[in-house]
Amino acid sequence: MSRYGLQKLYINGAYTDSTSGDTFDAVNPANGECIAQLQAANAQDVDKAVAAAKQGQPVWAAMTAMERSRILRRAVDILRDRNDELAAIETADTGKPLSETRSVDIVTGADVLEYYAGLIPALEGQQIPLRGSAFVYTRREPLGVVAGIGAWNYPLQIALWKSAPALAAGNAMIFKPSEVTSLTALKLAGIYTEAGLPAGVFNVLTGSGDQVGQMLTEHPGIAKVSFTGGIASGKKVMANAAGSTLKDVTMELGGKSPLIIFADADLDKAADIAMMANFYSSGQVCTNGTRVFVPLALQAAFEQKIVERVKRIHIGDPSDERTNFGPLVSFQHRDSVMRYIDSGKREGATLLIGGYSLTEGALAHGAYVAPTVFTHCRDDMQIVREEIFGPVMSILSYQSEEEVIRRANDTEYGLAAGVVTQDLNRAHRVIHQLQAGICWINTWGESAPEMPVGGYKHSGVGRENGISTLEHYTQIKSIQVELSSFNSVF
């Protein structure tokens, strides 16, 4: 028997056997252990979940704003009470260090839910006067049943980022976690029910994106799809959503983000920021600043500071609280990252440190790749152009502000960007010219609940978090009222 046993679907407020009974394994990437068997949903299960959501959503939407707010706040309390339990599951499922999952993943997800729970009573329409005898008022009404499709790198956090605004606005959600990391989304479903969420308002269907994800995006009973993943999959989701019932979509599709260090920067601070922007969570963060631009005159000094810091990284068993760098999420992904590293070597980038998988001792059975830094990189290299989603930093030199802005924007992506400088005039001037949806000055990576998150260009459509996201889970109804007589031309 695996550590977490058989995991069922969550439909209509209860853990439910799938129709087919087919299963797939959840694997701990730190050691290859099968930690759970998960049931795979099929078309009948999708229909059941949609039917349950359609029943539960009107019940949820009919509650007062304060009633809905209290239920979501209770879910926040449960999440925080069970932080360590959920963090341990997340670590086993993703390979992320326990030091991360305990302090970030569940904590920040709960913060987002608390934020939207507090906004529910403030979700209101407008009154628009037309003339003395007439006015218009608007209502913000729920979309109905919406779908969320998650990525594997922040399973619980993404489930909360998607469900919190959807539920706050009075919708029901069917959530499909990544088949690679599904366990904590199933736990979240039980937590919502324990907090008082009506049956059917939050459902979880596990299975592959090609099957379950596609069925959700094409289902006529779904009003909106929020997707996090790669560009190719996102385009397919968007096309299916538009081709079925013209669904609304939110897309977060990754990036190849520039981090620009200017000559006046504190080089130690710049190196610390670059380390967090590349190696946190073993480099598996969509906003990572993997293209690090450094003035040519400072390149050698900066490289030295980076190498010193990489050597201090504590690589190990993610369940050991001393570990701050764990395995990649799967053996398949490890192989993908290694192919990119091999490409960097072939194309002539200079390997400063790393560049290999870790296959000895206690790490021998895990999906580990050493923190890797390339320098003397060119803009046309594969490691500079494509999202690797692993612990691979590319250092590029530049000589002028105009040059680095042009090169930073020379990408199909536009998710994030950052600058490190003591000159705030320059910081704002440059940031305003960078084509990215999330920008940082003298910091990197924090995404507060109040901060809209999303990309330009191929990095996405729409935003997550912030007030505007709550509004995008509603539709506006306009009502005109006439208080005097009505005159017909007929």
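The chain as shown is numbered from 1 upward.
Just so you know, glycine gets a Cβ as well, placed from its N, Cα and C.
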Item to check | NAD(+) site partner of GLY150, ALA151, TRP152, LYS176, PRO177, SER178, GLU179, GLY230, ILE231, ALA232, SER233, GLY254, CYS286 (as recorded in Swiss-Prot), chosen from GLU67, GLU386, GLU387, GLU401 | outcome: GLU387
Item to check | Nearest of the recorded positions (LYS162, ILE231, SER233, LYS457, GLU464) to VAL180 (K(+) 1 binding site) - Cα to Cα | outcome: SER233
Next on the checklist: What whole-number Å value do you get for the CA-CA distance of SER233 (NAD(+) binding site) and LYS162 (active site, charge relay system)?
Outcome noted: 18
Checklist entry - Whole-number Å distance between the CA of PRO177 (NAD(+) binding site) and the CA of GLY460 (K(+) 2 binding site)? => result 19
Next on the checklist: Tell me the coarse DSSP state (helix, strand, coil) of ASP93 (K(+) 1 binding site).
Outcome noted: helix
Checklist outcome for this item: GLU179 (NAD(+) binding site) has its Cβ surrounded, within 10 angstroms, by a count of other Cβ atoms equal to 20
Checklist entry - For ASP248 (site 'Seems to be a necessary countercharge to the potassium cations'), what residues in its own chain, 6 or more apart in sequence, show a Cβ-Cβ distance under 8 Å? => result LEU143, ALA223, LYS224, VAL225, ALA241, HIS472
